[in-house]
Amino acid sequence: MALPSSFLVALVALGCNSVCSLGCDLPQTHGLLNRRALTLLGQMRRLPASSCQKDRNDFAFPQDVFGGDQSHKAQALSVVHVTNQKIFHFFCTEASSSAAWNTTLLEEFCTGLDRQLTRLEACVLQEVEEGEAPLTNEDIHPEDSILRNYFQRLSLYLQEKKYSPCAWEIVRAEIMRSLYYSSTALQKRLRSEK
């Protein structure tokens with residue numbers, strides 16, 4: 001069952017406010033940027049979901065990454081950063097050459113994601129300086145590799161389907177669901193830490 005875009009936007013906004021309260025200096029505009037990104041992603045839909053039913057796939061969204069035991073804010077920042085980084089890759093590099101997205105919406109979406117990544121990277125650097133985050137690739141949180149594998153499955157699916165319009169629609173919807181779930185699960189986890 002697909003949730004309405006406005007409902008998803010509201011839930012992501014709640015999750016983003018929790019990310020903003022992690023203690024690093026993420027500006028208040030971070031929540032607004034996330035809401036806008038989800039709205040744009042919803043507006044980018046090109047096909048009705050019913051026309052792509054035969055192409056649906058279970059990508060095994062790693063729910064435990066967002067609901068697991070992440071006791072450090074560095075881990076939470078890392079998960080959010082990797083998620084945004086991978087979404088940026090899909091829509092701002094891979095999609096730009098193989099999907100017929102509305103150019104105006106795509107540019108605004110990519111610009112907003114780029115701003116989010118810049119702000120998240122500043123927070124990750126702050127955590128490194130405070131000794132809370134890993135300095136080397138060998139120290140990457142296991143959640144990061146789980147997320148990378150999830151996004152790799154999405155990428156392989158697009159390749160297998162030869163970047164068809166339905167494949168892109170399935171991936172776009174999957175990423176919207178991922179943003180929705182990650183935001184609500186992350187918010188719940190952060191509230192339990194208070």
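Note that Cβ sites are derived from N, Cα and C of the backbone, with glycine treated the same way.
Residues or ranges marked as signal peptide by Swiss-Prot on the basis of similarity to another entry: 1-23. The annotation disulfide bond is assigned in Swiss-Prot to Cys24-Cys123, Cys52-Cys166. Among the features that Swiss-Prot reports, N-linked glycosylation site is placed at Asn102, with the record citing sequence analysis.
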Check the DSSP secondary structure of Cys166 (disulfide bond), expressed as helix, strand or coil.
helix
For the residue listed as 'N-linked glycosylation site', which of the three DSSP-derived states applies: helix, strand, or coil?
coil
Judged by other C-beta atoms within 10 Å of its C-beta, the most isolated of the disulfide-bonded residues Cys52, Cys123 is Cys52
Argmin Cα dist to Asn102 (N-linked glycosylation site) over the disulfide-bonded residues Cys52, Cys123, Cys166 returns Cys166
Rounded to a whole angstrom, what is the C-alpha distance between Cys166 (disulfide bond) and Cys123 (disulfide bond)?
36
CA pair Cys52 (disulfide bond) / Cys123 (disulfide bond), Å rounded to integer, equals 39
Let me check the 10 A CB neighbour count of Cys166 (disulfide bond). How many other CB atoms are there?
17
Around Asn102 (N-linked glycosylation site), how many other C-beta atoms are within 10 angstroms of its C-beta?
13
